[in-house]
């Protein structure tokens, strides 16, 4: 009896210690997963810049210090590209303003009706000039999206007029007037908007801005024809993928949950297309019932592009559609200053695609490629610990770069004029 009692009393005190060890192990495991998922150990750093050693680029970096300073995302979650992207996708922006604009309607030759919203500046531009931002949003987006409203409001307050394209078919309350909607690289509507701005405001200089898919469209537009670059001071592209053909393979991979994002975007595209089902699949349309059936079962953007989107412009195959609608074949024709912005942790743009802007910046002196460690896809939120600020790093860097270009245009040395034949060394001597 005494032996049993002694055994009981020697074992019992060890049980809580064992359970405490299990709890500690569980807590440690959870913390490890949190640290890994939130990428908390990742450092903050300035953007990795690729550019050539020119007088203009040195002026831009000096006048736009945000490009050389650390981008610091919110401490607890801002280093996760997935959370940055999710917050952008769900909320767009925090405490988004409501800028007031006028909607314009432009009839197209094929019967379609392009629409864009025009926002006048809320202050004088510091250069004293009339400057207009011509803005192309991301896939299926329009002027009413929160991230667009935030950017427009910030630009207006800095003295910029803003014209925002509404992608054909994207606005929920605007019916299509022809059996065609926006595609990955069709520049017709953007060209119509730019033409309207140039005609209505003949003294205005243009800043071209594109977000994600919009970045592809604006770069393709500028590279398609040299006349498209007239009166354009510069162009900024944020979070685009440059080549749909090369991106196609990566979008089918589960790495960085890219296949899941592909499914979500495909589902959103289906909703947009089906909201215009009567026009797109009705009388006079090239679409047939079998294509509508395949749309219902599509689980990827590639399936939708192959069954629906490529046929709006008569492309014979998905490969042909992606090749002809990607800016990678046109971007080298852009001669105005060009800022390309991407993020390492963007779950939608595979790192292999970033060789395109990096190589371009190494070869062309008008191009600056800025690659941030964090920011996700069109996130770039800033904040101390938990709550993000309404204005993002992305909003600031675009406006600061545009303002620096306006300053350069006003005070650039004679050797930097388009007709000048002076070499770079002479120019550097004149500006030193």
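Counting begins at 1 with the first residue displayed.
Note that Cβ sites are derived from N, Cα and C of the backbone, with glycine treated the same way.
Range annotated as transmembrane segment by Swiss-Prot, chosen from 15-35, 36-56: 15-35. Note on the topological domain 'Cytoplasmic' (1-14): its mean pLDDT in the predicted model is 50. Residue 346 (active site, charge relay system) sits 5 Å from residue 377 (active site, charge relay system), taking the C-alpha atoms as the reference points. The number of other CB atoms found within 10 A of the CB of residue 377 (active site, charge relay system), across every protein chain shown, is 25. Rounded to a whole number, the distance between the Cα atoms of residue 212 (active site, nucleophile) and residue 141 (N-linked glycosylation site) is 10 Å.
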